[in-house]
Each structure stands twice: as C-alpha cells, then as structure tokens.
C-alpha cells in the first residue's frame, strides 16, 4: 500500500448495529489490540529523529493533514488510531470498579477463593432467581455477610474457627457430598480510611489490621472459580473478577487526545501528560523494586496508583484532584464522558447541526399563520439540495446560472467533486447533468422547521412555509406565539432547513402548524386569535359597528371575494354590519355547538350565536375565537379540518388589522381616571371593609371569635381578615368595571379578552389592595411590627400590607415597600422553579421515551413489554377528544326515563292507541303494529337504557347534573344539530321506523368494534381472542352508553325529527370521526405524556400554601408535591389520610365526636404550664387557687380513704407537680378529667393524683406528687421525668395523626320508588399525619362499634398504600394524587397522559421512582439508555464488569449509534411493489417537451415569481411524483372566462387501475357540492369544495398515486384560487367501452397499500375518471332544467385570482345530488344540448350566500352495498 493513499468512499449502505456487547478487556486482549509497548515517557515531537520506532510514533504523535500513519499508512481522517499499552510493575486498582472489588471480597474466602454460601440451599436460589448483574452481586454479598455473622455468633455448633462447614459443602460444580473451602477464618474487609486517601483495602482479622494492595487482592480474585463468578453475576467469558484489577494499562491513540497546534507550536492534551506521568511512575516503581527498599516501593506504588486513578477519574473522593497548572484541574476520562457537555449527552445524544439559522423574532399579522418571514441573508445562506432529473433540469440550470437571489451555492457531482458557484467567473455556461445535486437558495414556499427553546412540548417545534422578506429578523404570526411561549421583547428562535424529501414529507404531514392547532395535552386548541386581532374582532362585531361600501369592498379584496352580501341598511345609504363582514370569514359551523347549550335569543347582544356560518348576534371575544376548549377554533377544527382553521385565522387577522388601521384604537390617561361616582363607591367599599376588620379584631380580643377547625385564635383572626380584604378587592374590581363607560379603551380590551382583567383596572384607577406574601398578610419582621413606622403589635390592615391608592394616584412609601415584597416573591419563584421543572421534565422524558403505540392497539415499551391494553384505556388520540358533553342519563328518574325513552305500550306487550302520537309517520305506526316482535325490541331498548343508567351511576364520579360532562372523541350533539339544520325540517314528521333506528345504532356499534386494530380478528371481522375483545369492548363502553341515550329511537323521532337521509348521514359522520380519533400506531405517546405533565409544571409555584379560611391542613402543592410523588418519597412533608366514617358518625354532630376519637392527643399537647411547688400538707395547700376544690374533695372523701391518702402523702414527696391545662383544648377534645387521671396512672403508677378538677370548673388543673421521697434529688428528677411522662400519656386518637379536620363530601343515593337520584352531604375526616395500618384496625366509638369505614379510607402517601394494599391500589392513588396536584393550579391535563406515567411507574409490580434511583436501577432498560441519563461512567463500568448486552431497541440507544429510532415512522419498514414499478411511466415520456415541473418545491412557481414582488401568493400544495395522469389540463388567464388557453401537460396512456384520483379531479367541477371529506388529511368535509380545493386534495394524494396529475409552475394551490374562479368545460371524446357503474372507495380504504391513509367519501359519479376521449354527462329524474344543466362537465379550467387569500362565499350554486343509477355516458358528438347553460358555465360568478346551502350527501349515497363491495 502506498503511503498516504486515501481509500475511496464506499457507496455501500452501512449495516445497522443490532446490539452492543460490553466487556472488560483482559490482559491478552489489550496486548493483542495494541501496536507497541510504551516504556518511555517521550512525546516524539520530531518523528524524524525516532527512526526504528514507527509504532511508537503512531501512539504518541497526532496525525496532520500531510502526514500518514506509520502503521496503517493512511492519512487523517481515514486512520482510526492505534492503541499502545503499559506493562505495570505491580497491579493497581481501577477506581471505577473498586466498589465491585470490595463486594466480591465479601462474597469469597480470602484464602481459597471459594464462595461463602451453600448453593444447595433453596433460599439462595430463590433470592437470586430474578436478579442479575450488580443487583445479584449485592444480594450475594448481603447473604454471605449475614451467614458469616450468624456463624460467629453461634460458635458452639460451628466447625473450625467458628465457621459452619455447611457453607463450604457441595458448592456449585462439585459432586454431592464433596467438601469445598479451606475452613479458614475470614477477615472483615472494608475501604481503608487513612490520613491520606488512597485505594487500599483494610482487612481486620483477630483485631489486627492489615492493608491489602492490588497485588494481594489480585491473588485472591484469581482463585475464584468460573462457576462462583457466574453465581455472583459475572460472565467469566466477558469479565472474570480478576480482570477488575489492572495489570496492563491501555494507551489510547492520539485521535482521542488530539494536540492543539497554533502557528508553529504544538501543545499536547492533558491526558498525554498524565500518561507520561504514569509511565514515569511505573518505571520508578520497577527500579525501586529492584533496589528492594520497602519505603521507596510503598511510596512509588501509592504514586502510581494515584496517577492511574486520577487518569480515570479526577473528581473522586479517594484522591485530591490532579492539576495541570495552579488553577486548572485535569480533565480525566470520566469528566470527558459524563455531564451535559460530555461525549454522551454533548456529542451523541445532541449534536450541533448545519443548515440552521437563529435570530430575533418580530410579529407580522400579514403573513399566514403557518408561514415564517425569513431574511434575504438567511435565505441566500441556507440551501436545499435538489437532485437533477429530466423534470427539473431546466429550472435548476436557471438557478445555477443566476448570480442574484434566488440562485444556488454548490453543485455536487456523482463522482464526489463539489463546484462552488461563487468562485466561477462566468456562471452563464454552467451545465447540469442528470444525477447532480444542486444546493439552491431557500425560496418562498419551502418548508422549514421552526423552534424556540426551551422545547417543552411538541408544539415548540413546528413546520412553517418560508416567506422571504426584507430586514434581518424572523417574522412570526402572532397566533403562533402561544405554543412557542414567545414574545417580541428580544426572543430568538431557531430555523432548520430539511435536507431530504423524506424529512420534508414528514414535516408537511405531521409537523406543520395547522396539524398542531389542537394540543394533545388538554385536548383543546393551543392557538387562537390574540392581541390586536382579538380586539379588532370585538370591535368589528360590536352591535353599533356599521361599514360603508368602500370598506366592505376593500375587505372583499382581502378575502378574495367578488360578490358582496346584501347590506343590512339600504337607505339613506347602504351600510353593512360588522357581523356581516365577520360572517364572510366563517365556514359553515354552528355555535354554540350543541342544542342544549343554545341560549334564548338575547336582546342585548350579549350572547354569541352562529348558525350555518352566519354570526347572528353577540360580540366575538376570547372565549369564542381564543385557544379554549369548545371555542370556534375547536369546532372548525373538528368539523372542517386544520386547513380551514388556518384559513379562518388568516382571514380574521387580515380583516381586523385592516379594520383597526382604518378606525384606530388608542389608550390614554383619560381612560385611567375614575369619575367621582366611582371614587365614592370605592371609598364606601374601603370604609365598609375597615369596619369589618375592626369587628373581627374586637371579637378576637374578647375571645368571642369563632375559631376554625384546628386553628388557634390568632390563625383564625388572620384568616378572617385576609379573606375580608381579598373580598374587598374583588368587589371593588367588579364595581369599577361596571361603572366605567362602555367606550373606555381599558374596558374594551378587558371584555374582548385581549389584555387585562377587571382587577387591573381597579388597581390602576382606584386602589391596589391587599399585598400577600406566601398566601398571608405581610408578617412582622421588625420587633413585633412590619416597619418601624408603625406601633408595636399593630394588626390593622394598613400596617399589614393594604394599599389604599391606585397607580394613577401613586402609592405611599410603605405601600410601595409592601408592593415590592409581594413582587419579589414571584421573581424568586420564577428563578428557582426554572431549574427544578427543567430537570423534572428531563426525568419524565427519560422514563417514558420508549413508550409507544403498537400496531395491535396496545401500549408497549422498547422491549415490547405491555404497558396498557389500550392507550388511555380507550385507544384514542388526545388531540381528537372533545370535552364538555353533557351526560344527564344518571340523573333521570323513572318518570323522565319513560317520557324520554319509553313508547306507549301496555304491560302485556301490545301497543296502545297513542303510540307514535304526532311524532311518528302513520305508515310507520301501521308497520310497527303489524309485527308483535317489535314491542319486544322496544322493550329491550328501554331495558338497556335503564341498565346504562345504573352502570353510569355506579362507575362515574357524579357531580351536579349541569357539571357532569364527558370527554369523548365525537360530539354527537353537534352532529345531530348539523344534520337537523342541513337536512331536516323542524315541522316535519320523521319517516324513520324505531326498529330501523335501533338496528342501525347497533350496527354502528358493531362497526366501531371493527375499527380497532387486533391481530386476532378473523375474516368475518369477529375477534376470537377473549382478552383482545374485552379490551375493545371496555374502550367503547362509555361512548356506547352515551350514544344509546342520545340516539334512542324515541328521541330521534320526537326530539330531533330526523328523516332517513339525515339519520344515515349522522351515523356515517359518527363512524368516520371516531375512526379519525384512533391513535396512530407508532405514536411516541410516552414522550407526549412526559411533555404534557412536564410543561404545565412551569406554571406552578413552589410554595407550600396554608389554606387560610378553609382549614389548617397543611398540604404540599406545586413542584414539591410532584417531586414527592415521582420520587416515591417515603418521608412526605405533609402526609395525610381521608378517613371515611360509618353511619351515624358521617353526620356533622357525630363526626365531631369521631374527630376527637381519631386525633392523637397526649397530656403534653394540652398542658399549658408545669409548676413544681413545695406543698407537704395536702389539706392546707399553699396554692390559694386550689384550696376550695381541695377542700371539696376532702369533704366528699370517706374517712378510710382520707386516712390512706394522708399516709401516702406523708410517705411520699413533699413536692407537688401542678399541671395547668389549656381549657379550650380540653373542651375541643371533649376530655373528661377522670380519663386524664386514669391515663396518667396507666403509664406510671408511682405518682399520687391528688385532684383532677371537675369538668364544670373554668380552670383545669392536675396536682400530682411522687410516692417516693427522693430528698434533695426530687426537683432535678421531676424536671427530668415529668416532660417525658406527659409525652407518653396517650389520652386518645391514632398515633401519627397530629390533627383531624372535618370534611364534607356529597354522596348520591337513589330512591328505589321513583328512581330519582339525590345528593346528600356526608362528613369525613381529613388528617394531618398518616397511620393507615392503624386506621384499618379501627377506632371504637361510644357504642362499642368501629367508626372507621376502612374500605373508603385512603392515604396520600403512595408507598404506604402500596405496602398495605398492593400495586393496583398504589397505581390508583398515584393517579389521583397527580391529578389533584395539577388541578390545584387549574391545570386540567388529559387523563390518558397520567395513565401512561403511572402505568410505567407501576408496571414491574413495585413503584419505580422517576429518578436515577429508579430509572438506572431498572433491569429492563439497556446500558446505553441508562448512561445517557445520569451516572454515565458508573453505568458503563457496571455494564462492562457484568458483560451486559444492549439490544439497541430504545430511542436513546439508537440515537447514540446513529440509527433511526423504532417509533413513529421508524416503527415499520416499506416494501417496494416491483410489479407496480414495471407499469410506471418514464420521466422523459411523462413530461411534455420543453416544460419543467417542480418536483421538489411545494410552491410550483416560476423563477420570476420567487423574486420579491408586490403580488403576494400563498403556496400550499405538497410534492408530487413526476408523473401525470391521463387527463389533459388547460389553464386560462384572466377573469370570467378569458380567451387564451394553452395545454401544459401531455396525455399519458390510459390505465383503468390508476384513474381514481384523476377521475375525482375531472368530476370535481360538477360535483364539488357533493364532495364530502371524512379524512383528517383531506379536510373539506361538510363544506363545498371548489375545483381548486379538489385539485389540492388531488396533489396531496399524488404522492401515493403512481400516475398523478401535475400542474405546471403557473398552477398554484387551492389557496391561490378562490371559489370565484371560473370553471370552463372542455369537450373530449370517450370510448364506448367505459361502464356506467364506476368503482368507488370506502373511508377505511388505503391508497396503494401504504399505511392507513383515509380518503374522503366520494359519490359514485366521482369515483373514477373518464378517458380523454369521453364526455361525461348526468341527468336525474325530478331535477329542474336549470339544475340539470349544471351537471354537464369535463375538465375544469381554473382562473388565477389576483390576490393571495383564498376565501369565498358558500352556496354559490345549488346543491345537486345524483345517484349512480342516473349516470350515463354518451359519445362525443352524440347531441350535446346547446342552451343558455353554456354561457352560465363559461361566465360563472359566485353570488351572495343564499338559504340554499350545500347539503351533506344524501342517505342514498351511504348505501349498504358500498360497504359490501369494500
């Protein structure tokens, strides 16, 4: 091989790494891999002087660009580097595995190396059965240590030296009865802690200490057999315990420790110097051993060990860090691997990337919501690679030859050479060849990835379309700032340009902004109208906004409309209302969405009502068009799809911006000044509050204030005062807003929702209000006062933080000081919680990153372990869930059930004469009576509904009737309303039969079962596996119950009055939308769950709040509570129980008694003062306060008792212990003084209780004295013993329950007679402190029965629940506690994300902490995943020591190795259909001569149109394949039917199997009113789709169609064509062989077998394409002549619109519905009717919105034969 010859780059695909095997290199392996022995500490800077040492040079000298390796003769970077090795003079410890060496030594005999366990014992195998690796070694060491401890403690039964011979009998690998071991006494080994830290093992034997160095330990480990090593968890083939001690040290190549060159100087790496030091110390030790001086040997050995240890880890506790100079520490191998900037996390898990840009962002309301404004400088620097082919060669050549933007930067040739175009003098002669790759500039319409850090959730990285603009900042639409959490105060964002078509396709299909309008976190929109656009919408739709013709025409141009609606006012001049203008933007939707939400028609224009796309009343506010669940954004997304939402947002922003530019809006000082009437009312509020505070203070001073449960008097006072002051601010805010005039700019912004609240306007104009710190008033901080300016002990409102002035007037100095105190708290919280929540989210991501949805519908991790049978227990996508659906079924009583669901039939099963009444068709009633079985079916329906009611009452968490709302994937109520408004007539009688309704609803439920994936489904669709069938039935149970109660036959007939067409449309919609809601296989739902739980945590505060005014139960909230739960903390700060009570203790009065019985109470807790008094005479006490009661007790005492008492007192101590009890606490606890006396005597009988005062005495005292006279030692002894005694005297309650508080809950009961359900208030006990085990035992009440209902009693301490009740109970409790932690801050996260997190924590049967102690201790995750989280080197060392193997299945492992992760689009493999490939049309034949088709760029525009111009455009269509279909496509320029037309594509040979999309395209001009989309990818369902829209659908689907239509660069996407475009009908000739019966497709049909791509429902006449030689016509019986004339169609010719917005008024032509029985083909020239319809088709202009709206497909179009054919 010639020196320095570079190897050619291989074109072969790299093999994928399937697994990684870890092991520790043995001595012979290190030597075999090395190229030389390193014996001299030389840098070999001058390689020429080291002749004869070539191998040594390649170890020491780093390669330069001109030099070649002396070993392999390759140049940099082809040379991989070569190892050397150092032969150590003595073995040394590897600091990374030193702890493992200690564990092994504890397991084996130090003399013979045998295992210190009897492996024949069953207990040994039982404990080691399920543990491997490090956990196994720890378990063996634990058992061996316990065995040795037992042996030494029972020496009488032992053998030699106190050790049982049993552990050495019959070990592994030995025959039965064979004897193992030497029986030697075993020293105790531990780490040596000397004056100077070192790696030495301390061995203690017979009280003599010895130091074992590595050579001694190596000798012991060398005697360990392979079988014993295997039992300890080692793999002897990978790592024997002897290999843990180093005898040979490998020297890494210079590529690992490159030198730094600067000018002519070179500086070696720190590791190089450390290796040199090791070589020097090693040589010195060898020389010292030859000299045989022990002191020198010890010193050299210690230095060698230290240098080797710090070479591996320079941050350990064994040695002081080695420094390379006075300040800088050595960066060892460990420091280079671990940490955020180490090799794993810094260079493998995350990398720096090319083709990215970063700059400041600014807002721009004139670009689309899915666009990003890119500066020219960025667009000319970033490039996109396009491969040259026959299709795009001409266009790319023009790019390459241009010298100004848009141009190209580089050309990559197939031979590997690169042409830099900027260096060419003459670029006009550049030629391109097929196969070249041109890196062209980023141009308008390119798809890029936009990101803002921190990337907390999926919506922080979204795809945008490029809009190249002037200036130097990224321009962002304001509606996109919410998911990015961005503002324009200097934020910077990152832009990434995809570098492949696959990446671009994934961006378009999954990451574009419209795809992410609805967040899976809250199942609600994360984007909406904000800021100025929201304010403009409110003012535009105000009831007194009227607009003239000039303004409305301007708006029409913005919206690309050419026909105005009829003005609301005609005289004296035409005026349009703002609501009419806003209606031009609205698609055909209804709001409120469901009938039960519909309010009565308001007279004050206060309620928004939208019907069929017309805003009838009400102003548009944030709740209507903002990012809120159930808003207009949400409804449009569910009804019409994401693209329609984008159109709506873009239209609103353009119109409102134009409106504000013309009408203006400003805020001035006059808006902040309150009038005299408002100031007077505010002053009255302040005076009223001040008097109220004074009353509370007076009541507290008089001790008459009602104390709250568990609170002291001072705490109750503070709670009442703080509550009164906060109410004062709220009341003032409401009055301030109501008194402000309607035109006040602040009020307008507040009511619109664009900025501010009523509290803000109150603080600005009136007063700021009470300032709180940590949820309470400003505390005393300066000698019993808040500030030196106030009196001592001033508890008034002014001195404790009340600010009585507003911002306009200005705060007083002390008010300003208090105000800054409250603000500082928020700043500190924000600073502290940022790091905590960021680390919390990282832990969540690591724990859940491998959890994904599998193709069988289950949820699994990387090892295919089952996490859930169904994602979220229902298998649905969180973004498709609709909340807020009322569910009144559980609250219906028997009478309401009968009125709503039951028909009029007798008990004997015969219909009464009233059946059907006025809501059933007479023919249906006659048919119903004809068959006696019909009654039975109706009875079964009612029985099923009654059973559903009972099931829902038992299973659901019931609330009030108006609050019980369901979260389901489909909103049937809205679909029913849509069906009624489009197909039904309110006055008509339904033509449906109840039996038909019941059968169709049951059929629908069976169809829903078939939508779920399962591997056990037979050919008939039935699932034969019981478990698989049950999980699907369980997922559908709640939805089926809701569906049955909504679509009960009587409700459909009587309440909805649906006809057959509307009912079949409704069922089809429900099925389709449910199918769309199923989660996608491969979805990384674990990461979504982690983001959904981690991102809202940033909105939490870190404080532990004291709920003032509610109870004194201290609860941990926010991030600390989350950390407690996720870390599975066993020492919770505020653990508590909820104790349920048996009747009658669940009533309030009895619950108070139970409260005292449960709360733990000792004598210490109720004792206020302890006195020691010398009082030897019991009859004449020296305490004056006790004389009366003592005299009373002596008088009632018998003489014998009195004499006995006197004798005891005389013999006892003269010192009396006087306990003064807290009267209030004794009263609260309901304690009897006799009980206290008995409790004292139960604990200690050495005391005489002289008196316990009677219960009716105001002062409660106890006098007690010792029975023994200790003389002078009495007082010290009493002072020592009495406090301990008081703490031990247990009066009542459960130990551990520090406080018990009453808590009321609602329990629903059912009246069996009427079936009515009512809620009753019952009382339970909330405790501070937990003792669940003791609570389960119970507490006996006054009647001698247990008062605690253990079945309903729970603790918030999850580990305690797990230990007592098992893992399932712990899972349920963990789920409940997580939800409550988020709900405390108003964060309502979708239920399915909690379940993923909780099931992952509990999946192994124990609670796995989401921390390094849980994730890195799990055996299921591989070493690569664990080391990428934390403890990098520790994990890798353990993996190598125990020979672990990583199967490379997880996300982290694949990222480390550069593989595609097996989630998402990487979960499946694609198989190429070679047969279909043979039928593909070649590129050269598919493209017309001289024409260029843009395959790579979504814009599809000419080069000149990419240059900045005044004509805006909106590219939208996706990439398509470079093939065309059999249709000839013509374009006309101009309006209303221009005269010029030119074909832009040639015809391809006709292929019947590939004409589906083309056929839909051809027929779309005629049947666009019938096009009905049911697919999320093709989102025009329910709205008339224009021909240009249908083309957009066509081009989007063309990626799946081998023969698809491709428009020229002039033809833009649907957004560039409005429905005002003209559709020109062209003639063509059809062959006679075409059949009238056309193929069709179902919603679940897949395109070309790729994935599960849903296609829209298409009427039969649109299902196939006519050949180029055919003409298509349609007639229908019963249609009018004018309607039938519109049915004549051929290829359409859309006309370009002059503006860039694609909006139109719907209903521009009547709806036509045709069945396939009325479709026929006619030969060209077969007598086409010539009449006025020709002029209509060529000069068509849309008209205003008319009552004849486009109706959804008819019932006939949803025939059963369609599904049968599918």
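Heads up, the Cβ atoms here are built off N, Cα and C, so glycines get one too.
Per Swiss-Prot, the listed range annotated as region 'Bridging helix' is 813-825 (candidates: 800-812, 813-825, 826-838, 839-851). Over the region 'Bridging helix' (813-825) the predicted model carries a mean pLDDT of 92. Listed in sequence order, the residues of the same chain lying 6 or more apart from residue 82 (Zn(2+) binding site) and placing their CB within less than 8 Å of its CB are 34, 35, 55, 58, 59, 69, 71, 72, 253.
Separation of the C-alpha atoms of residue 487 (Mg(2+) 1 binding site) and residue 79 (Zn(2+) binding site): 49 Å, rounded to the nearest whole number. The highest number of surrounding Cβ atoms within 10 Å, among the binding-site residues 487, 489, 491, is found at 491. Of the recorded residues, residue 491 (Mg(2+) 1 binding site) and residue 79 (Zn(2+) binding site) place their C-alpha atoms 44 Å from one another. A sphere of 10 angstroms centred on the C-beta of residue 72 (Zn(2+) binding site) encloses 15 other C-beta atoms. Shown in sequence order, 361, 486, 488, 490 are the same-chain residues outside 487, 489, 491 whose Cβ sits within 8 Å of the Cβ centre of the Mg(2+) 1 site. Note on residue 79 (Zn(2+) binding site): other Cβ atoms within 10 Å of its Cβ, all shown chains, come to 20. A straight line from the CA of residue 489 (Mg(2+) 1 binding site) to the CA of residue 79 (Zn(2+) binding site) spans 50 Å. Every protein chain considered, the tally of other Cβ atoms within 10 Å of the Cβ of residue 69 (Zn(2+) binding site) stands at 22.
Helix, strand and coil content of the region 'Bridging helix' (813-825), in residues and according to DSSP, is 13 helix, 0 strand, 0 coil.
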